[in-house]
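Visitor: I'd like to ask you about the structure that follows.
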Amino acid sequence: MDNFHIHPEVQELFDELVSLRRQIHMNPELLYDLPITSKLVSDYLTSLGIEVHTQVGISGVVGVINNANGPCILLRADMDCLPIDEANNIPYKSKITGKMHACGHDSHTAMLMVAAKVISRHRNQLKGSVKFFFQPAEEGGHGAREMINDANYPVLDIEPKVDQVYAIHVENFSKLGDYILADKYMSCNSDALDIKITGKGGHMSAETNSPVNIGANLILQLQTILSRNVSNKNRAVVSITSFNAGSSVNTIPNLCQIKGTIRTFDSEIQELVHGRIRKICEGVEIMNQCDIKVNIDKRYQPTENNEKCNEIALKILEKICPEGVRDINSPMIGEDFFYLTKRCPGCYFLLSSGLENSIHSPNFDIDERVMLLGSSFFVDLIFNLLS
């Protein structure tokens, strides 16, 4: 790590960083069901003498260093895993079939835990407050929303009230220490598409109205939406990710279900794409004399970085990763950190670990040295803002 400027106290805790991350990795938990991870985090923060609030937004944990004189900075880590079978052959492989930390949340949690340890050692020198925000259910469960709306502990509004919010997401997109920090949007509108086609099934040699054929034709038509309706300057994606129909080799099923995702940055383009999907489905329904039900769930809005917070983050990243390459292109990811940046100025960025497989892959893993960079960022950020 000669080419990086790691905070010395974080460097000393590298073995602890790795140990924490691997404990979490081996015991992955979905959405809000986080008894092991939440307890690990709350016990750790308590051992540091930090004020701890548990069961925030069902299973979130918030640690607080409260110094009245000065701003309050919130640092966020997500704790939940994905419903994926891990394919890695590693000593710390997931112990739970069908559950895996394939999105790096194990490393996010470990990075913030160790950062909390270093920051807590200097709490008496801080001119302001810190909230360590460990959230459940980032993967489709709106955990950030549940935490900030918690009636017993509304994280942003209860004293000390939060002034700025920051978060890091580990990824593999280039060499270790490169980062994606866009000027404005760091995530996009993320909508879930669910289409159900009901036809007339029966024996494959009999007269039927096959929802399989209808569904296959519909998918091809959906792929024309962007090329015919959206200009190149307006980035958008319509991806079909699931097609389910029948299970027998000699039977035409009654039902076909198609699922996918829609990604856009502009709300007008979002509504245009939604409208075209519905119109195409209506036309296919009439033409094939079938029944088509369309459901579009608007899950996430774009995460918008604040210009001042971006400048602060960039200065620290350039110090820690002097050879890191900055990518300013907005990634087309879904992220519920937008619930925080809609309420407070903030910054969210992606930090590359440098390995091959990307997030949501059963082979995803990280170069654990990236956690030194992430923890150092949080520590340097707080000392920069609150010293």
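Positions of Cβ are set from backbone N, Cα and C atoms, glycine also.
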Visitor: Can you pick which of Glu139, Glu311, Glu318, Glu323 TrEMBL lists for the same Mn(2+) site as Cys103, His105, His169, His360?
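Guide: Looking at Glu139, Glu311, Glu318, Glu323, the one TrEMBL places in the Mn(2+) site next to Cys103, His105, His169, His360 is Glu139.
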Visitor: Report the member of His105, Glu139, His169, His360 (the binding-site residues) whose C-beta atom has the most other C-beta atoms within 10 angstroms.
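Guide: Result for the most crowded candidate: His105.
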Visitor: Which residue counts does DSSP yield for the domain 'Peptidase M20 dimerisation' (190-282) in the helix, strand and coil classes, in that order?
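Guide: Going through the domain 'Peptidase M20 dimerisation' (190-282) residue by residue, I get 33 helix, 34 strand, 26 coil.
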